[in-house]
Amino acid sequence: MIKVTLNGSNGKMGRVLSKVIHESNEFELVTGISRSISSLNTYSSFDELSEASDVIIDFSHPTQLLPMLNYCKKHHVPVVIATTGYSDEELRIIHEAGAYIPVFYSPNMSLGVNLLLELVSKATVVLEDQFDIEIIERHHNKKIDAPSGTALLIANTINRLLENQKSLVYSRQDKKVARDPSEIGIMCLRGGTIVGEHEVVYIGNDEIIEIKHTALSKEIFAYGALRAAKFIIKQNPGYYGMKDMLKE
Ligand SMILES: NC(=O)C1=CN([C@@H]2O[C@H](COP(=O)(O)OP(=O)(O)OC[C@H]3O[C@@H](n4cnc5c(N)ncnc54)[C@H](OP(=O)(O)O)[C@@H]3O)[C@@H](O)[C@H]2O)C=CC1
Ligand SMILES: O=C(O)C1=N[C@H](C(=O)O)C[C@H](O)C1
């Protein structure tokens, strides 16, 4: 059995992942970290954690990053990070932690979004600068961060392919000029219980191409995180993502 510590165990994803782990015969949930203690083996911080585990899976909040990485480095525990809303500096810290421990990071653990990234890469290369590109993401009304980590990943993937010539635009409210071709617009909708939708729209003269992924359950992210956990516990220290895992 692979022993898991779950950071954010009492959050929405934490509760879904706990259920998926309890139903599995490969994983055992040994401890959880949550500010609101929900059971005997839940702790409110990494300082209190005594039980050893094979991997930490993190669906929490950026404020948890440094205590979690310090714990992982001190105890040599591999980590799967699924939290979003990190600053560029925090993303750099995640990357650098790979020098000490195996680190897996992905703002979207679903298989579908990773296929969407490949389709978007192909469309971007074929269409180059001939189409305007806009991204629309839709999420539930409890989501804290905007744009979603996935929307930023998509935008940055497109921008890299276009030699970083694009700038990301989140609002046109104060602009008094027409859309600049160098923009990638990102629109965020929040409402109800939408699990997560990401749509990339290529808008040309008289034609539109839309590439869209819709998550219909939070379980898909939980299954992806467990697959990442199985992958990361076999790796040497380093920084890994979905592409590395899907290559296996
Ligand atoms: N990579 C992926 O595939 C996916 C990533 N996510 C990301 O995972 C993260 C968690 O999502 P979700 O479970 O929906 O969120 P929730 O708000 O439901 O849960 C957040 C968890 O983080 C804990 N937490 C610790 N510090 C803070 C803080 N300062 N503010 C708020 N929460 C804190 C909460 O503790 P407490 O229980 O005490 O409130 C809770 O356990 C988000 O960043 C989300 O974007 C979500 C789905 C898929
Ligand atoms: O907060 C969520 O719920 C989700 N967050 C991730 C993101 O920010 O991209 C992934 C997924 O869309 C669900």
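Heads up, the Cβ atoms here are built off N, Cα and C, so glycines get one too.
Source: prediction; values computed, not measured.
So that you can see what the record holds, here are the features copied from TrEMBL:
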- HIS139: active site, proton donor/acceptor (ACT_SITE)
- GLY8, SER9, ASN10, GLY11, LYS12, MET13, ALA82, THR83, THR84, SER106, PRO107, ASN108, MET109: NAD(+) binding site (BINDING)
- ARG35: NADP(+) binding site (BINDING)
- HIS140, GLY149, THR150: (S)-2,3,4,5-tetrahydrodipicolinate binding site (BINDING)
- 2-109: domain 'Dihydrodipicolinate reductase N-terminal' (DOMAIN)
- 112-246: domain 'Dihydrodipicolinate reductase C-terminal' (DOMAIN)
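Least crowded of the binding-site residues (PRO107, GLY149), judged by neighbouring Cβ atoms within 10 Å of its own Cβ: GLY149. Ligand 1 lies under 6 Å from the Cβ of the following binding-site residues, listed in sequence order from LYS12, PRO107, HIS140: LYS12, PRO107. Between ALA82 (NAD(+) binding site) and GLY149 ((S)-2,3,4,5-tetrahydrodipicolinate binding site), the C-alpha separation comes to 9 Å. With a cut-off of 6 Å between Cβ and the nearest atom of ligand 2, the binding-site residues GLY8, ASN10, LYS12, ALA82, MET109 reduce to an empty set. Within 8 Å of the centroid of the Cβ atoms of HIS140, GLY149, THR150, where the record puts (S)-2,3,4,5-tetrahydrodipicolinate, the same chain has further Cβ atoms from THR84, PRO107, ASN108, GLU137, HIS139, LYS143, ASP145, SER148, ALA151, GLY196, HIS198. In this structure, THR84 (NAD(+) binding site) belongs to neither helix nor strand by DSSP; it is coil. With respect to THR84 (NAD(+) binding site), the closest of these binding-site residues in Cα terms is GLY149, chosen from ARG35, HIS140, GLY149.
Averaged over the domain 'Dihydrodipicolinate reductase N-terminal' (2-109), the predicted model reaches a pLDDT of 95. For LYS12 (NAD(+) binding site), the nearest of the recorded positions by C-alpha distance turns out to be HIS140; the candidates were ARG35, HIS139, HIS140, GLY149, THR150. Here GLY149 ((S)-2,3,4,5-tetrahydrodipicolinate binding site) is positioned 12 angstrom away from the residue listed as 'active site, proton donor/acceptor', judged by their C-alpha atoms.
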